[in-house]
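K.L.:
Before I ask anything, here is the structure I am working with.
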DNA sequence: TAGGAGGAGATAG
DNA sequence: CTATCTCCTCCTA
């Protein structure tokens, strides 16, 4: 994606780009595309560069300072991601002395967190979409799901129609120019996003989840949302088979408040009472998950109501709009 | 006008 | 056959 001497910006949304609580950074690919790490033994992305380090001098950057603390970095508001002028030389300057070592370690930590978050996001998307993490394994249907998801994630106009009848292998064999040919405006974004997925798949192969859990990537899940991650993993273990049921899907969203609290959230977790805050968003997510592009809240709510007589979901004692209750809370 | 309740036929796995 | 999906009517806030 990067032409020589003209490195490209690779936006990576950590969490969800539409939400204020999103921690978002832009990965800067320096010279080599991230795919080039496929053959690398070490588990770091060469050239991954955090442009926010440019914008905020490290000693004045609270976000950077918080890296050393045990909790999550503060959110970077959506919209601050505009590619800042690339300054590769600055990123590549060898740090000097103790200060330089601290800075380097800090950068390493950030990189590790970013990569860990990317892997987590890819994992989450895989589970929500029910597709393999490795694009090479995707069927045409999986490719369409991934495209719909990417459209949704980056708020792209409909691009999935431009990539019909393509398997994941077809997609992976395409050069950036081929992507641009199909979509002159967003081909590069799709290419970059696919690149992230391919890199993540390669990385997962090099470093299985068990290793990641106990290894360096633990930094991320420990620091950012350990409880979330555990419950999420638990949920996925509980429902390994397909197809997923709507109530399970809703519960999954509820168990990822970091990503989805803007569209669905607990009002009373103990009692299993939740509220759908953004009907269109939840319906769209469900539609993507079930490959039903025409899904809307009207239909989704009808499906929820089917659970009334099955005793899975009901309206709370005090009925309120968009508020439902799991009959058997977790 | 959006959301809620529920009937009923269609559809996918 | 089950679990929705889809379309529908009627009701309510």
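Cβ atoms here come from the backbone N, Cα and C positions, even for glycine.
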K.L.:
Given the ranges A:76-98, A:99-121, A:122-144, which one is assigned the annotation region 'Disordered' in TrEMBL?
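P.N.:
From TrEMBL, the annotated region 'Disordered' range turns out to be A:76-98.
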K.L.:
As a test of reading the model: what is the averaged pLDDT for the domain 'ETS' (A:244-327)?
P.N.:
91
